[in-house]
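First the structure, in the form of structure tokens, and then the observations on it.
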Amino acid sequence: MAVERGGEAGKETVGGRDLGLTGTKLGCGEGGCGACTVMVSYFDQLHKKCVHHAVNACLAPLYSVEGMHVITVEGIGNRKLGLHPVQESLASSHGSQCGFCTPGFVMSMYALLRSCQTPPTEQQIEESLAGNLCRCTGYRPIIDAFRVFAKTDDMIYTGATLADRQGNEFICPSTGKPCSCGLKSDSNSENMKESGTCNERYKQLSYSDIDGSKYNDRELIFPPELLLRKSAFLSLSGFGGLKWYRPVSLQHVLELKAKYPEAKLVNGNTEVGIEMRLKRLQYKVLVSVAQVPELNILHVKDNGLEIGAAVKLSELLSVLRRVSLDRAAHEVSSCNAFIEQIKWFAGTQIRNVASVGGNVCTASPISDLNPLWMATGAKFHLINSKGNIRTILAENFFLGYRKIDLSSDEILLSIHLPWTRPYEFVKEFKQAHRKDDDIALVNAGMRVHLEKKNEEWLVSDASIVYGGVAAVSFFASKTKDFLIGKSWNKELLDGALKVLEEDILLKEDAPGGMVEFRKSLTLSFFFKYFLWVSRELDVKTTLTESVPPSYLSAIQPSHKPPVIGSQDYEIVKHGTAVGSPEMHLSATLQVTGEAEYADDIAMPPNGLHAALILSRKPHARIFSIDDSGAKSLPGFEGIFYAKDVPGDNFIGPVVADEELFASELVTCVGQVIGIVVADTHENAKLAARRVHVEYEELPPILSIEDAIKSKSFHPGSERQFKKGDVDLCFQSGGCDRIIEGEVQVGGQEHFYLESMSSLVWTMDSGNEVHMISSTQAPQKHQKYVSHVLGLPMSKVVCKTKRIGGGFGGKETRSAFIAAAASVPCYLLNRHVKLTLDRDVDMMITGQRHSFLGKYKVGFTNEGKVLALDLEIYNNAGNSHDLSLPVLERAMFHSDNVYEIPNVQINGNVCFTNFPSNTAFRGFGGPQGMLIAENWIQRIAMELKKSPEEIREINFQSEGSILHYGQVLEHFTLRELWNQLKSSCNFPKARAEVDEFNVQNRWKKRGIAMVPTKFGISFTTKFMNQAGALVQVYTDGTVLVTHGGVEMGQGLHTKVAQIAASAFNIPLSSVFISETSTDKVPNSSPTAASASSDMYGAAVLDACEQIKARMEPIASKHNFFSFAELAHACYLERIDLSAHGFHATPDIGFDWKTCKGKPFSYFTYGAAFAEVEIDTLTGDFHTRVANIFLDLGHSLNPAIDVGQVEGAFVQGLGWVALEELKWGDAAHKWIPPGFLYTCGPGNYKIPSLNDVPSKFSVSLLKGSPNVKAIHSSKAVGEPPFFLASAVLFAIKDAITAARTEAGYTGWFPLDNPATPERIRMACTDEITSRFVDSKFRPKLSI
């Protein structure tokens, strides 16, 4: 085990970087992504057994694992000695793309297997991965990879064989049901087909016991020497005077508390670690109580459960589950409530270390458990330093915001949870942005005790407690008083809702916002509780007022079945490798943690770490800078500002309108003012925070609407398209109807798992500058660094081996990071590494552009669109960056797939005081198409027709002339659409959804089908060029270097397949090492989905040159191998190296005439989605997603399917989960210009639980693309927009709810369709107490 520096107090955290063990990744530093997962094992003295837990290394202080066994991903398998089956299964199942999150997933699964006495269920596997995030894969292949370890069939555990089955029936290890996947024979035909929910890669894996010996003969056992080790009192010192104590008895704890009254007690460090790192709180004395036996008791007594304060949540959950089965049903109502609440409490890694007492004493107003402790009548036992114990009711323990009734010499000893009595009902509630691993927006614990008198059930006792509505967990005392003595009937419900409305007061500017939603939730929860209790009573006895069957949907638990995926595609092979579903070339390195990323590169002994000095104001003049506090800190080595830049301080990818270091004026929060370098990452960050800047504040522009009012647009950014005569069409009377509306389109954070990172160093005392960067555009790094240092580009080299996700975010915004680091590097002649923390990365590097679209559409009564007049604006932020090209692509895609005779589109790029927004998968296209689909929906609602019908009658066709003059060729959309419609049996799906909605009042389902057409090429012509260098060695192996960057999308794998097929050699004979500006110059960014097309063609060009040189030698002899041929050519002095080049032909667009052919071709697709929403809370889940895409003859269908699934789930995040909240007029509780959602704690990307339950991907067969290499098509961006099918399915479900409540007609639904937007759109008698049916929740755009 080794350590890495982490935590503001200098506490070292579990990891391995100092020993070169870089597999454990730092993704967020707050336990929210799981990339840093390791397994910690220890011997439990109480139960005399080894315990294995997955934990977040970023939050686990090194001192906390003294005496324990820590296994990182490197410890379970590697490329040289062999992969562990967990690693092998993930790699072969295509479950690793960029690879940055992969070691975390491997370790979570490994820890589950080591901790299970019996094989885990599929549900346990999915639960164990809830604390791990992936931004690339869409999770489906990860689930499939790990499903083989689940017990789905007894046969493999009884030693039986497949042949033992009657009739040789094969049981699929994926589904546990008979299927034919294991009976398929391999085929060598050129055209092979693979489809279904499973395939040959599912091999059943046997399982023995906790030591995992059947998995791997080299499985690491628990070290015997640790079994002999006794826990001892620890007294250790840390960075900055920190004292760390680990007592091993309660007496030790009390003595320390007497000595250090302000000491902070720590168990899992899940709260204290966050406070010290992100909130900058300083604790001088930390006392770890995790190994104090008296605090770890868990006793089942006659009158209830006695729970020690240090008991871990995972342990409590396990005991509660056991108790709920062992005890009488009426006694465990509270236990069942806790089981359900803990299940959704954070991720497995957090629950494995977080303690009950830590959660209680943190006294968070959104604690999931405190409302339940209060509601159940739990008692807290407190002990002081003298050993005196006092008992207090949980409801009296919480005094104010994070204030509790605990004196400085007291600690929480234990909690007593009483058993419930007959007819005492306890229920938990929680609503968050995301189901898995998320903090509550509002939660609740409710309890009533009923007694029967004169055929009526009367409330004899009650507790209604809410979290998220006040500074503390709020006891609704007025509601309690109202309930007691009342009869349990509808009259009680109506009265209680009125009292609750007065009982809970949330001010308009309450922290957290969403006031109307949170108020609605408080009543919705009680309404659900009333129905639940009524149903429970109905089961046990007979109520005079039974719950109507349609109302039961309010209380039915939302059961999400395990994910089942199917992939249907054609394999069209070309040569030895092209067309084959090959594994990602780096997959084995990624699953073992051996794959290196920019921050993994070891620093030399005198290397420096950098941190940025950032603006704290959205718009201000810099009045003065005082950096004396920084210069006096230990480890400080230098500080640099605009005046120190050797070359030009102004930078920008298109327009140089951005300062590297702000000199006089700051135009956003997070703008870089300077850079500090120090001996460690922590010292550099501390020094940057000690720089004090005085400002003269100026009025900021903080929204698109503000920019429009102020006419705040970037210069030269106005664009216009015209086709036909829109005004004449509107005035001529040809349009039966005309509608006008406005669409707000939310932004999105890239959330690549690897944050921005650059390592820069000089050579020959500054004559050359080299760097390794996490970037999609090494050439831009080369250009920026040469520009700010005043060096020629020939003396600057940028290398990139791989990046941990990019999605457009590392196309331009990564370049200023490298440029900033290059300044101290060049001036000091020392290595400088600049790696951004997650919160800083999210704050300063820009996001997907938010958009505002104002449309006017004319159409016939049949639904045929005749005219579109569109004003479109995007929020660029404080610099130009790529905002104009993004706007242009949005305008290109504003028709989506619809024939519109008359079109006028005007676009503008808004200047606002936010960090510059930038490229993101789709590059404006999805925003333009989303606006189009909104007015399509509006037309359908106006005409009372289905949106699908309106779409179909407006489809473009072969030969259609688009609004920018391009003619559609090889138009396959209608074929795709019809296949999708047939595949999902749309009429039947519609009928089933309608039937469900009639039978269920409070749950509604919706469906939608959405098409897409995505243009492939950079819209700037000169960028459509690519270079490659191919070198053949005398042993027959081939080294390929090209200008594209591997970021998980499989670019290197596809390019290697092209080279292998070109030379007719195995794929294993081709190697791609890295992307480097000194090998292939002047490369365009790896973006626009066109990289496989361009770099594949460039590599093929180089291969063909070499083959032409080899041909005379090959024709003279019969060589047995390519190696023999290569050697023979070498002996004949044949050049075996070639530079290949490709320029995309037949494209170009003229903005003066607004006509041309900006795209080489289009990728077409369509998707069907079915969702189910809870109209009372806004929760939803995607039941079905069915995607059809035309990808021509796929170069690698396995990689392409991964891209489709990953894009779809990322798109699902954009349309339904991920909301950026900025300090603006819509969010006055956030400081102006600041980003509130700057980490996984507040910003929620999809988790494994958000994957569609049935997830199908089909690639169109028999449709070669004549425009690209080997008849393939680009795949990276086109599927992203198809996730809007989920948004419109949600809207369909909401429409059903509104219709039942008597509200018909058009209503807006902005993206993301978060629980707030879903709930508040489902107007009913609860929401109408707070808002009207036209209410539109606020959105930062």
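Glycine is no exception: its Cβ is also placed from the backbone N, Cα and C atoms.
The structure displayed is predicted, hence computed values, not measured ones.
As recorded in TrEMBL, the features of this protein are as follows:
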- Glu1277: active site, proton acceptor (ACT_SITE)
- Cys28, Cys33, Cys36, Cys58: [2Fe-2S] cluster 1 binding site (BINDING)
- Cys98, Cys101, Cys134, Cys136: [2Fe-2S] cluster 2 binding site (BINDING)
- 265-272, Phe345, 355-359, Asp368, Leu412, Lys430: FAD binding site (BINDING)
- Gln776, Phe807, Arg921, Ala1088: Mo-molybdopterin binding site (BINDING)
- Glu811, Arg889, Phe923, Thr1019: substrate binding site (BINDING)
- 237-422: domain 'FAD-binding PCMH-type' (DOMAIN)
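Taking the features listed in TrEMBL, we show where each one sits on the structure.
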{"residue": "Cys28", "record": "[2Fe-2S] cluster 1 binding site", "CB count, 10 Å": "25"}
{"residue": "Cys58", "record": "[2Fe-2S] cluster 1 binding site", "CB count, 10 Å": "29"}
{"residue": "Cys101", "record": "[2Fe-2S] cluster 2 binding site", "CB count, 10 Å": "29"}
{"residue": "Gly268", "record": "FAD binding site", "CB count, 10 Å": "28"}
{"residue": "Gly358", "record": "FAD binding site", "CB count, 10 Å": "24"}
{"residue": "Gln776", "record": "Mo-molybdopterin binding site", "CB count, 10 Å": "29"}
{"residue": "Phe807", "record": "Mo-molybdopterin binding site", "CB count, 10 Å": "30"}
{"residue": "Glu811", "record": "substrate binding site", "CB count, 10 Å": "26"}
{"residue": "Arg921", "record": "Mo-molybdopterin binding site", "CB count, 10 Å": "26"}
{"residue": "Thr1019", "record": "substrate binding site", "CB count, 10 Å": "23"}
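The shortest Cα-Cα distance between Cys36 ([2Fe-2S] cluster 1 binding site) and any of the binding-site residues Glu271, Leu412, Gln776, Phe807, Arg889 is the one to Glu271. Within 10 Å of the C-beta of Cys98 ([2Fe-2S] cluster 2 binding site) there are 29 other C-beta atoms, taking all protein chains into account. Averaged over the domain 'FAD-binding PCMH-type' (237-422), the predicted model reaches a pLDDT of 94.
Within 8 Å of the centroid of the Cβ atoms of Cys98, Cys101, Cys134, Cys136, where the record puts [2Fe-2S] cluster 2, the same chain has further Cβ atoms from Ser96, Gln97, Gly99, Phe100, Thr102, Arg135, Thr137, Leu753, Gly804, Gly805, Gly1048, Gly1206. Counting every protein chain shown, the Cβ of Glu271 (FAD binding site) has 21 other Cβ atoms within 10 Å. Taking the Cα of Gln776 (Mo-molybdopterin binding site) as the reference point, the closest of the recorded positions Cys134, Gly268, Leu412, Glu1277 is Glu1277. Ranking the binding-site residues Gly268, Gly358, Arg921 by Cα distance from Glu811 (substrate binding site) puts Arg921 first. Neighbours of Ala1088 (Mo-molybdopterin binding site) among the recorded positions Cys33, Thr1019, Glu1277, defined as a Cα within 10 Å of its Cα, are Thr1019, Glu1277. Those same-chain residues not listed among Cys28, Cys33, Cys36, Cys58 yet with C-beta within 8 angstroms of the centroid of the [2Fe-2S] cluster 1 site C-beta atoms are Lys25, Leu26, Gly27, Gly29, Glu30, Gly31, Gly32, Gly34, Ala35, Asn56, Ala57, Gly104, Arg838, Pro1240. You'll find the Cα of Thr1019 (substrate binding site) roughly 14 Å from the Cα of the residue listed as 'active site, proton acceptor'. Within the set of binding-site residues (Cys33, Cys36, Cys134, Cys136, Leu265), the lowest number of other Cβ atoms found within 10 Å of a Cβ is recorded at Leu265.
Apart from Glu811, Arg889, Phe923, Thr1019, the residues listed for substrate, the same chain places the Cβ atoms of Leu882, Pro885, Val886, Glu888, Ala919, Gly924, Gly925, Phe1018, Ala1087, Ala1088 within 8 Å of the centroid of those Cβ atoms. When the binding-site residues Cys134, Gly268, Gly358 are ranked by how far their Cα is from the Cα of Cys33 ([2Fe-2S] cluster 1 binding site), Cys134 comes first.
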